[in-house]
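K.L.:
Before we start, here is the structure in question, set down as structure tokens.
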Amino acid sequence: MTDAGQGKTKGIARVTSLGLIPQKSEPPTSPVKPSLELEYKLQEQNGLTPHALSKGGLRPHALSKGGLRPHALSKGGLRPLPSSCPGKKTPILLVPIPSSNYEGCSKSSRSNTECAILETCNLEGHLAVSSQVPSATTPAHTELSPVSIILGISVNGTKSEVLVARREDGLRVEERLQLPHLEQLLYWFETHEPETTLGLSANSFNNIDGQPNPGEREAGLLTKDEFKETLVKVLGSHDFDDQLDNLFTRLDTSCDGFVDWNEFCTYMLLQFRENDYMRAKKQIPFRTEAKQETTSKIVAAENPTKYISVSKEGAIIVWDTSLHFEKHYCLTEREDHSSRRRVREWVTDMVYMSNCHKLAISSSGRDIRFFDATSTQYFEEFYLYGLPNVPSSLCYWCDRENPGHESILLYGDDHGAINLLYFHRPLMQLFASPFKKEDGVQRVFFKELNLHSRWVRSQCLEDIHTESIRKLVYMPDNDCVISSSGSSKNSLVIMDIQRKKKTYVFRLNKGVDCFDYSKNANLLTTGSTDHLVRFWNPYVTSKPVAKLEGHSMSIVDIKIHETLNQVFSLSRDTILKVWDVKEHACLQTVLIKFPSSLLGRLPDFGQHVMHLQGSPSQNALLITANDYIALLKVGQSGIGSSSAPTTHMTQLCCAQYNSLFKQVVTAADDSTMAVWDVETGSKSMLFTNAHGNEEITCIAFDHTWRKLISGARNGTVKVWGIQNGHNLHCMESVSEAEVTGVVPINGKQMTLAVGWSRQIVKYHTSEHDMMNVKADVSWKGGQRHEEDILASAYSPSLGLFVTASFDGEICVWSLEKESLYCQLRNRHQIHSTQQPAPVDKVIFLHARTNDKRTEAAILVSSEAGVLRWWSVFGTTKELGFFYAPQDRADESVLALCTNHDDSLLFSGDTHGLLHVWNIEDYCKVTQPH
């Protein structure tokens, strides 16, 4: 190392740190932070160990610019020197620089270094460094500028030698000036007071020596010497003295020997503009910077299914169903005719027009673009511009059964109005063709839509909301529209488009950020910034059906899955919750781990965040955040195919209602019976293996509603206690033939059983303690049926018992005499060429049986789908008939029942349909209807 004072070479004991030594400057109001003190910890006796003084030290490439900027010194977390240090001198600042920045320096570059010996003091392992150099060691004081670079520090006893490298040549003073320097210069120009303020005349010029001619001078005009002195004060260095003369000459454009602030600013502005121009001309590899564009909307195109996303700045990307990239497009920039410049607009919403396979994209430029998506390559077809306001949300509706009929494009704007565009022939054309064939996109001015009246008409519903409309949903059944906004006065509005019906206004303190509507479930769900999910009846605005708590941040979007009967809600912290519509309970909570939210930062969402694809082939939920898309598979498509829950493992065979306990008993083919509470829907009791492994074929309640009687395919009959599930009686079977009907007789402690045995069997249950009850086959009327008995009915008021068989015979019995009362139809009455139809079901109309003298029909039978109406007391037995399954042939009616006054008849057929018939006045006279 070279000694600056003696010119001798000394061995360097150890290089331990690199850094800067800024010189103390004294501007009047300096924005630069004052110098700080450092402390180094001594860990070796004859050397320093590097100590982490700053976490954010200076970057190595800063050396290549020839000097370090003063403001970079403020990045380090520096600790002050202890005040008790006896050797404390004027403090200086050191910032660590990696050794790789000076180890490769050549000898020639090191020859221009300066050496300064700094005083140290040893205080509890600390080394204090000061900029005051002892005169005994160094005959001439060596000044260290703020841009000096320390190449090394050598510790020898109590002295430290610092190897300093001056700034590199080539750095211009204009490049050295930064914003803090300019602020100081402005201060010097504003506060400058010349020695002689004599008002400089316009004809004053420099003399031959470059000095101004004598005359009056205004404040703020600096001479060359004053300018150089001011720059030295601001920069705190004399390193640029050789450039200041040339700089003053370039600034003095008026050649009067003075420089003012305006001349200085004009010159600097031209320099910066020239630097930017030269930098742009350089051949750089990357012309554009990669940007993260927030996704505004994602929709699904059909045939085949594709996902289409659009970003806030107009990047359209097409994905397959697995979110694999296929192609992309960019919205073209439009020219602003007023300023003749091209402007970039923000996309607000996008919808897919399913019947005509087009995309409608709205933007902040008060326009809507229509893209044709029928082919593999999408292209912009129409450009509707000049809308009165900015369209903020879109909604499209078309008749899927008649895609060529009129369709509607609705859009809400930022002034709270709803606009409707009715396309009369969407499959043929949206707008009229221009008179002159033009290449490219057809432009349509909104105020000239009357010229396109053959194809489209518009309607505006004003003053619906006081703020921008956030979402729209069209209700085609009643021609209404649902809209939401952030206003507390009209947060959500359901209104008739024709404004003839009542308008429903929902008011929430913090407005409605998102909502969804389901017609089948008659459910309206909303989410807002109060972290609550609300379920509403669409026509009750006073109070929600339920308030669901669980989110800790505002709700950004919400969707209803009708098939699963569930609601999906997403909050701003990317928490997805699944709610059960019936139970109003949270079923699942999912954290969507977007990369942008892993470091605790909240992602940026568009206005429409979620898309629910509910088709059976693609049952998925898509969520967008920043420029990411999350795809969540929503279970298996077959799970939610039926909205009704499964109550049994096998198919049901019969059901009975208990009016006393308000319960329903269902029986299945796996020999199980379940008791259900009608009011709550919960299962209160389950009978397993009621008849072993045999299928249950019929069930009935006794007149007390406390005993349940069941019959099985093997001919067994059992009696159960409905309150405790105990088996009270086991009836003896007469044969291993299926029991098709069990009828408890009121007041006689007796039960009748019929079936494939073709007999009427009596069981006497008068002894309650008797478990096994023997069968009594001594029916006085004998065995009249030659085919299996399929149906039976009992009328307590008339004391009549009816049996019907497979061959179509219907017999009416008197219970008191156990004899045949009458035979409505026997096998001999059926035409020999006609195939007999089995009787599937018979019922009595009990409300009509109170009058025994009536000639009206009191019995209904079902035969191959035909309902026949019979009179028991009249001369004419069959009064009427009709085919119940309507337009479907070869169907049968297996279930019949009536209401309490026999005014309505309910029939269920083998096609699975339930019909309701008005029979209040049907077949009450002898003439057939």
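Cβ coordinates come from backbone N, Cα and C, glycine included.
TrEMBL labels come from automatic prediction, so no person has curated them.
Pulled from TrEMBL, these are the listed features:
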REGION    1-34  region 'Disordered'
REGION    49-85  region 'Disordered'
DOMAIN    239-274  domain 'EF-hand'
REPEAT    512-537  repeat 'WD'
REPEAT    548-589  repeat 'WD'
REPEAT    645-686  repeat 'WD'
REPEAT    689-730  repeat 'WD'
REPEAT    782-823  repeat 'WD'
K.L.:
In the same chain, who gets a Cβ under 8 Å from the repeat 'WD' (782-823) while lying at least 6 residues past its ends?
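P.N.:
Contacts with the repeat 'WD' (782-823): 703, 737-738, 740-741, 743, 745-746, 752, 754-756, 758-760, 830, 836-844, 846, 849-850, 852, 858-859, 861, 863, 870, 872, 877.
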K.L.:
Averaged across the repeat 'WD' (512-537), what pLDDT does the model get? Just tell me the whole number, please.
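P.N.:
It averages 93.
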K.L.:
Is the repeat 'WD' (689-730) packed against any residues at least 6 beyond its ends, judged by a Cβ distance under 8 Å, and which are they?
P.N.:
653-656, 658-661, 663, 665, 667-673, 675, 736-744, 746-747, 751, 753, 755, 757, 763, 765, 768, 770-773, 796
K.L.:
State the non-local partners of the repeat 'WD' (548-589) in its own chain: residues 6+ outside its ends, Cβ under 8 Å from one of its Cβ atoms.
P.N.:
513-518, 520-521, 523, 525-535, 597, 602-603, 605, 608-610, 612, 614, 621, 623, 625, 632, 634-635, 639-641, 643
K.L.:
For the repeat 'WD' (645-686), how many residues does DSSP put in helix, in strand and in coil?
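P.N.:
The breakdown for the repeat 'WD' (645-686) reads 0 helix, 22 strand, 20 coil.
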